[in-house]
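**Q** The feature region 'Disordered' is assigned by Swiss-Prot to 1-108. Look at Swiss-Prot and you will find 1-86 tagged as transit peptide. For 17-26, 69-80, 87-108, the entry in Swiss-Prot reads compositional bias 'Low complexity'. Taken from Swiss-Prot, the feature ADP binding site covers Gly269, Val270, Ser271, Arg272, Thr273, Gly274, Lys275, Thr276, and the record attributes it to sequence analysis.
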Amino acid sequence: MALLSAMKLQGRPPPISSNLNPNSKPAGSDSVSLNASEPGSERKPRKFSSQLNRWNRARTLRSGAKLDSTITNGSNNTTGPMRPIESSSRTDVSTLDSDVSSSSNGVSEADMTAAKSIYIVSDGTGWTAEHAVNAALGQFDYCLVDRGCPVNTHLFSGIEDGEKLMEIIKQAAREGAMVIYTLADPSMAEATMRACKLWKIPSLDILGPITESISSHLGTNPSGLSRGITNSSLNEDYFKRIEAIEFTIKHDDGALPENLEKADIVLVGVSRTGKTPLSTYLAQKGYKVSNVPIVNGVDLPKTLFEIDPRKVFGLMINPLVLQGIREARAKSLGLGSSFKTKYSELGSVKEELELAKKIFAENPTWPVIEVTESAIEETAAVVLRLYDERQSNRAMPRISKSY
């Protein structure tokens with residue numbers, strides 16, 4: 001008890017076992033073990049690096065590779081996706097109730113509160129649910145990192161068998177996890193909802209309400225087939241994405257300027273404004289993208305000013321941020337001091353950005369997007385919104401013309 005009190009005062013939950021086997025011993029046995037070594041030998045909480053910002057730390061915690069792990073299984077940390085337990089072949093919800101209730105007694109209250117888990121279950125790739133969960137967790141970074149309430153997410157994809165589904169839900173009940181699911185098969189979704197309600201598991205169906213609303217709006221029933229699984233047929237969209245990716249790779253960093261007319265989107269900006277990763281992201285959505293660098297002393301290709309201006313987008317960034325990015329880039333490449341001065345010196349950076357502003361001012365039909373504090377996904381969303389508006393000759397209402 002004294003040891004537990006000391007650990008609570010330090011703000012650290014006691015270590016717990018990750019053994020979730022239905023036959024695990026009750027609390028108080030070997031399934032929950034406390035370190036009874038001398039206080040001086042206790043592991044001190046790891047201090048976070050000043051180089052690691054809150055967002056990255058939170059994502060590290062959510063991925064399961066915790067910065068200060070408290071969940072142990074023997075001597076090994078539990079990392080990576082968890083797998084369903086192999087204990088029962090029964091799939092009926094009502095007959096599994098007693099099994100879960102009896103085995104959950106082997107997990108103590110401390111086990112349930114030390115770390116929170118979210119199970120993501122999908123009959124496809126799980127991409128939709130996983131990204132929705134990560135987006136929502138982004139609202140809790142202040143708690144996940146600084147207030148010591150880490151959350152682990154575990155993805156179970158390709159779950160099309162009722163037996164496997166029930167095993168996952170049983171495991172979630174034992175661990176006290178939340179279940180978030182996208183199951184296209186109505187019977188699977190219904191079974192999940194009933195099981196979670198029976199065992200008092202917090203759960204959320206991401207796909208169901210949206211599908212029902214669209215079904216009502218269209219006046220037709222959904223197919224109930226999952227999308228994005230590995231054995232899905234290769235359709236036109238798949239080959240369109242492959243073609244777009246191949247095109248984008250070949251036309252990176254100003255290559256083959258004679259083909260700019262063939263691109264759906266053309267990105268223009270100075271070095272290290274994120275043109276290449278943004279191009280790749282857009283290509284994965286099926287858009288052929290070329291990007292053209294703005295460099296002092298190098299003329300832009302004439303074809304850039306001859307193509308449809310509705311497909312051209314400029315990228316702008318804060319000079320201090322750009323300088324930091326370039327310094328890190330030069331250091332990683334082991335470049336000489338003379339190149340570093342020309343490439344990452346603040347005066348040179350500002351000079352290039354002034355040149356970019358001048359070019360953008362001379363071409364007012366090109367939207368200029370500020371990328372300093374934007375993630376690739378956020379910038380891509382702005383590009384695609386503007387692209388759609390310009391291609392369809394319609395403008396969506398917006399609060400500001402600042403992108």
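Placed from the backbone N, Cα and C atoms, the Cβ positions cover glycine too.
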**Q** What are the other residues, in sequence order, whose C-beta lies within 8 angstroms of the center of the C-beta atoms of Gly269, Val270, Ser271, Arg272, Thr273, Gly274, Lys275, Thr276 at the ADP site?
**A** Asn291, Pro293, Leu315, Ile317
**Q** Among the binding-site residues listed here (Arg272, Lys275), identify the one with the smallest other-Cβ count within 10 Å.
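**A** Result for the binding-site residues Arg272, Lys275: minimum number of other Cβ atoms within 10 Å at Arg272.
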**Q** Can you count the other CB atoms that lie within 10 A of the CB of Gly274 (ADP binding site)?
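**A** So the number of other Cβ atoms within 10 Å of Gly274 (ADP binding site) is 19.
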**Q** Give me the count of other Cβ atoms within 10 A of the Cβ belonging to Thr276 (ADP binding site).
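**A** There are 17 of them.
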**Q** Using other CB atoms within 10 angstroms as the count, which residue among the binding-site residues Val270, Thr273 scores least?
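**A** Checked Val270, Thr273; of these binding-site residues, fewest Cβ neighbours within 10 Å: Val270.
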**Q** With H, G and I counted as helix, E and B as strand and the rest as coil, say where DSSP puts Gly269 (ADP binding site).
**A** strand
**Q** Fewest other CB within 10 angstroms, which one of the binding-site residues Gly269, Ser271?
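**A** Candidates: the binding-site residues Gly269, Ser271. Fewest Cβ atoms within 10 Å: Ser271.
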